[in-house]
Amino acid sequence: MPELPEVETTLRGLAPHLVGQRIHGVILRRPDLRWPIAAQIEQLLPGATITDVRRRAKYLLIDTDAGGSAVLHLGMSGSLRVLPGDTPPRAHDHVDISLQNGRVLRFNDPRRFGCLLWQRDCETHELLASLGPEPLSAAFTGDYLHALACGRRAAVKTFLMDQAVVVGVGNIYAAESLHRAGISPLREAGKVSRERYRRLADAVKEILAYAIQRGGTTLRDFISPDGAPGYFEQELMVYGREGEACRHCGGELKHATIGQRATVWCAACQR
């Protein structure tokens, strides 16, 4: 599933092609995604101008002058591309938003776990209203994590992936951040010290910022808007490397399932 760096990479690739463009039309080839695409999308978007494209957590928000925004989530396998308007649709190309410049924003989603919604006020939508702070914002600190974790018995990795705690940190970047901070993913969240949470918050910020710089992590389902690969995959320290040698100490990386998610860590480096 695309995580924050992949969604941010998508945003940065799309925004220059979308902002200021007038929407010519909308084609819904298959509206039954994770949630049905509202018919009002076809009615409200044509004729509207895109005023901004932004990100909240793993959601892309396409603001318009039609009094609302299109809310997009890539789900497990979704991708967005800006293509010449005469590009024939392929399998799983479910939505086209055609633009005045003759190009088309195309949403492809083989597994159909993504979504396209319409919302008058994005901040009040039930999917967005209860989200935690952005990890790259000043609000996300080790002191914040330590205070929120007090008394929690869940594994720290599960805690870090809770979108009400902090948004956009999924399985890949939680594993990598915990490794950099030297914290075992198995440790109870409420038993991690303030100082170690400060290291963890710094690690999350550093790894996410670097992953964005590298274009995200190209795994099975992520495609950036220009089709270029994300190069952070080449630098993963633990994720997906169970049984291999730790790149820091040389010890064998361990594997377990935590919160129904595959987890890899180094028992020597992470305590």
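Here the Cβ of each residue, glycine as well, is placed from N, Cα and C on the backbone.
Annotated active site, schiff-base intermediate with DNA per Swiss-Prot: PRO2, in sequence order, evidence recorded as sequence analysis. All chains included, 29 other C-beta atoms sit within 10 angstroms of the C-beta of PRO2 (active site, schiff-base intermediate with DNA). For the recorded site, PRO2 (active site, schiff-base intermediate with DNA), the DSSP three-state label reads coil.
Residues or ranges marked as active site, proton donor by Swiss-Prot on the basis of sequence analysis: GLU3 (among others). Just so you know, the Cβ of GLU3 (active site, proton donor) picks up 24 other Cβ atoms within 10 Å once every protein chain is counted.
LYS58 (active site, proton donor) has a Cβ environment of 22 other Cβ atoms inside 10 Å. The secondary structure of LYS58 (active site, proton donor), as reduced to three states from DSSP, is coil rather than helix or strand. Taken from Swiss-Prot, the feature active site, proton donor covers LYS58 (among others), and the record attributes it to sequence analysis.
Taking all protein chains in view, 16 other C-beta atoms sit within 10 angstroms of the C-beta of ARG261 (active site, proton donor). The feature active site, proton donor is assigned by Swiss-Prot to ARG261 (among others), with sequence analysis given as support.
On its own chain, HIS92 (DNA binding site) has ASN108, ASP109, PRO110, ARG112 as residues at least 6 apart in sequence with a Cβ closer than 8 Å to its own Cβ. Residues or ranges marked as DNA binding site by Swiss-Prot on the basis of sequence analysis: HIS92, ARG111, ARG152.
Counting residues per DSSP class in helix, strand and coil order gives 0 helix, 12 strand, 23 coil for the zinc finger (237-271). Annotation comment: Swiss-Prot describes 237-271 as zinc finger.
Taken over all pairs of the listed DNA-binding residues (HIS92, ARG111, ARG152), the Cα spread reaches a maximum of 42 Å, rounded to the nearest whole number. The number of other CB atoms found within 10 A of the CB of ARG152 (DNA binding site), across every protein chain shown, is 17. Averaged across the zinc finger (237-271), the predicted model reaches a pLDDT of 97.
Here the CA atom of ARG261 (active site, proton donor) lies 14 Å from the CA atom of GLU3 (active site, proton donor). Reduced to three states, the DSSP call for ARG111 (DNA binding site) is coil.
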